[in-house]
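Student: Heads up, here are the entries from TrEMBL:
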- Thr25, Gly26, Ser27, Thr28, Asp80, Gly81, Ala82, Asp83, Lys93, Gly94, Gly95, Gly96, Lys120: substrate binding site (BINDING)
- Glu102: active site, proton acceptor (ACT_SITE)
Amino acid sequence: MNLKKLVGEKAAEFIEEGMVVGLGTGSTAYYMVEALGRRVKKGLHITGVTTSAQTKIQAEALGIPLKSVDEVDQIDITIDGADEISSTYQGIKGGGGALLFEKIVARYSDTVIWIVDDSKLVKEIGDFPLPVEVIPYGSQQLLKLFKERGYRPAFRQTEDGERYLTDAGHYIIDLQMKKIADPHTLADWLDHQTGVVEHGLFLDCVNTVIVGSEKGVEIQNVR
Ligand SMILES: O=C[C@H](O)[C@H](O)[C@H](O)COP(=O)(O)O
């Protein structure tokens with residue numbers, strides 16, 4: 001069973017006529033955008049706000065009307081994937097490099113829905129490398145700082161061995177934390193490091209998680 005497709009298509013059912021919808025990024029969000037595109041073709045009127053160049057290309061090709069986050073008053077629902085979700089619903093995102101735009105869009109959304117297969121649910125987050133988006137200037141110093149703190153940092157690279165650049169033109173440093181016992185303290189520290197633009201800790205921000213497993217779809221209402 002394709003669990004990403006299952007949850008992506010289920011999430012698209014939450015969207016109603018006239019809504020402004022935040023469109024997430026990644027291989028799970030892909031199926032939600034495809035399903036929404038099909039509904040738009042059948043006459044649903046929505047406005048999409050994309051979280052990456054990749055999703056923008058997909059949504060445009062499907063004929064979903066789009067506006068930028070700065071052109072809308074508010075976003076009704078954002079549907080996005082996640083890399084890890086803890087038992088207290090704290091998340092790591094940014095495996096696909098879209099964390100900055102995703103966090104901005106989530107921040108201005110009335111409701112945030114994450115769609116995942118059950119392999120993403122963990123007790124404590126941190127096994128998945130935590131992405132930290134940094135400006136290139138001074139990034140070597142940040143790498144050193146993260147190393148001194150034992151975070152085993154590495155600049156993200158493309159398949160061609162080039163340094164990965166985000167849609168906003170920044171680098172990503174992935175931290176191999178293994179376990180993040182206190183995500184709020186770490187988020188607070190990262191928020192205060194000069195040169196860090198954003199990080200992949202998405203804390204206290206999800207309203208609903210749609211989980212796919214071999215047993216089917218489960219909707220977990222968080223807040
Ligand atoms: O930057 C990418 C996003 O945060 C994705 O939502 C996350 O990486 C999950 O992606 P996927 O659905 O491909 O596992």
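We count from 1, first residue shown onward.
The backbone N, Cα and C atoms fix where each Cβ goes, glycine too.
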Student: Given the binding-site residues Thr25, Ser27, which one is most crowded in terms of C-beta atoms within 10 angstroms?
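Tutor: Output for this query is Thr25.
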Student: Report the largest Cα to Cα distance, in Å and rounded to a whole number, among the residues Thr25, Gly26, Ser27, Thr28, Asp80, Gly81, Ala82, Asp83, Lys93, Gly94, Gly95, Gly96, Lys120 that the record lists as binding substrate.
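Tutor: Between the most distant Cα atoms of the substrate site, 16 Å.
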Student: Give me the count of other Cβ atoms within 10 A of the Cβ belonging to Ala82 (substrate binding site).
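Tutor: A count of 27.
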Student: Which binding-site residues from the list Thr25, Ser27, Lys120 come close to ligand 1, meaning a Cβ under 6 Å from one of its atoms?
Tutor: Thr25, Ser27
Student: For the residue listed as 'active site, proton acceptor', name the DSSP secondary structure in the helix/strand/coil scheme.
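Tutor: The residue listed as 'active site, proton acceptor' sits in a helix per DSSP.
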Student: As a test of the contact definition, list every same-chain residue at least 6 positions from Lys120 (substrate binding site) whose Cβ is closer than 8 Å to its Cβ.
Tutor: Ala82, Asp83, Glu84, Ile85
Student: For the residue listed as 'active site, proton acceptor', write down the residues of its own chain that are at least 6 apart in sequence and whose Cβ falls under 8 Å from its Cβ; none is a fine answer.
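Tutor: For the residue listed as 'active site, proton acceptor', the qualifying residues are Gly24, Thr25, Thr51, Ser52, Asp80, Lys93, Gly94, Phe202.
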Student: On the three-state reduction of DSSP, what should I expect for Asp80 (substrate binding site)?
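Tutor: In three-state terms, Asp80 (substrate binding site) counts as strand.
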Student: Which chain-mates of Gly95 (substrate binding site) that are at least 6 residues away have a CB under 8 A from its CB, listed by sequence?
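Tutor: Spatial neighbours, sequence-distant, of Gly95 (substrate binding site): Gly26, Asp83, Phe128, Pro131, Gly200.
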Student: Per DSSP, Gly95 (substrate binding site) is which: helix, strand or coil?
Tutor: coil
Student: Within 10 Å of the Cβ of Asp80 (substrate binding site), how many other Cβ atoms can be counted across all chains shown?
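Tutor: Its Cβ shell of radius 10 Å holds 30 other Cβ atoms.
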